Amino acid sequence: MSLWRYSVFLLLFILLTSSNANNEQRLHLKRLQRTHQSNSPSCYSQKSKSENGATILEMQHKDYCSGSVTNMNRNHQKQLIVDDDIRVRSIQASIKNIISGKIETLSQTKIPISSGVKLHSLNYIVTVTLGGRNTTVIVDTGSDLTWVQCQPCRLCYNQPEPLFNPSVSPTYHKVVCNSSVCQTLQSATGSSGSCGNDLQECNYVVSYGDGSYTRGKLGQDHLVLGSTSVENFVFGCGRNNKGLFGLASGLMGLGRSDLSLISQTFETFGGVFSYCLPSAEAKSSGSLVLGGDSNTSIFKNSTPISYTKMLANPQLVTFYFLNLTGVTISGVAIQDSAFGKTGMIIDSGTVITRLPPTTYKAVKAEFLKQFSGYPFKQGVSILDTCFDLSAYEEVNIPTVKMQFEGGGEMEVDVTGVLFIVKSDASQVCLALASLQYDDEIGIIGNYQQKNTRVIYDIKQSQVGFAKETCSF
């Protein structure tokens, strides 16, 4: 072979192998199985720090506190099939109620972020200090009102941490009925504040559409996020709570209404926050960053940040809407007329991404074309594209990328493409699902956002994405 031909051959080989490296990702199934079987440290009292004017809170994924594989299988099945599907149906129902005008009435800081797997929830948690006491709460961009379980409690689910007791907090104050704060409940929760028999306290209720709810009194107290203090923070003191909240003490609302944490801390953090959601592995930690420049050096992203604009929706101001313009599977562009026509919600509280039926059908077909040769397995609930991978130690899976208006792009991490339903990999499914109807609104779930720095800039009305291996 001549030197020229050899050089051409070598160049082609490099290009082909480089392309394959970019278009496929290796998923180590056995390594994940060993991780799932390991015990994990406590989920509480997570760390925090401040850098360059931002507050950073450690963030974790909660469900691995239980430790055993048997519990993990049962919890994953229950949470995926029941909890996540219920949440999506609840969001869709809430959207329809808001659009139709229905209203229910009553008679810079970086925080550690953890996987909610440890607290029997597939959501993410952080620890904050409220009224002088550490409190672990679920992080939810699809909710506005922050709330915790409170004494005296008429009905409370079990939580490892002591209930918040407003009577022993020297900085706690009631929110008076008919005050301007009480009146903001309507836009924040879909339910207007009520006074009942006590005109000195504002009652609230938040219903999550599946029978889950929190009811109680609005209060104000001293909130500490890392080293940043927030005086007179308005939150819900829940005295009647039931539902799918795992073992967390409550919920942190990162939505866009006046009562959300982002709105209440706008002067401090400028309406900028971001997170990196860690994989659901026992020792993984990510971070919730409050404040700082949206291009701050405190991020550990391995790719440049690409931005897309938030869509304005006057009727649904709570949610963060983006315009999905395309999806690629290992570089192959999916063809679907729905792209660019309807907004999608990006949500930290929904697990599995929901796509419009026609989009999902096209994505599924291309994925099956590229991920071929593996034994099929029966689907589970919303996940209908499943395989038996128990005979494999590792597999190469196609790279999935989502494109958004204006050039924003999110590459789904290798751990976010397939969902391991059974820890022995005998049931592994494509971690995407279809909406029931064409007129429903798509949702980008947290499972696909793992190991990605997602930046919300309310002031600039934009959301950014960059690859980042989450660590704290």
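Every residue number used here counts from 1 along the chain in the order it is shown.
From the backbone N, Cα and C atoms, a Cβ is placed for every residue, glycine too.
Listed in TrEMBL:
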type	residues	note
SIGNAL	1-21	signal peptide
DOMAIN	124-466	domain 'Peptidase A1'
ACT_SITE	Asp140	active site
ACT_SITE	Asp347	active site
10 Å Cβ neighbour count around Asp140 (active site)? 23
Taking just the CA atoms, what is the gap between Asp347 (active site) and Asp140 (active site) in Å? 7
Mean pLDDT over the domain 'Peptidase A1' (124-466): what is the value? 89
State the count of C-beta atoms found within 10 angstroms of the C-beta of Asp347 (active site), not counting that atom itself. 24
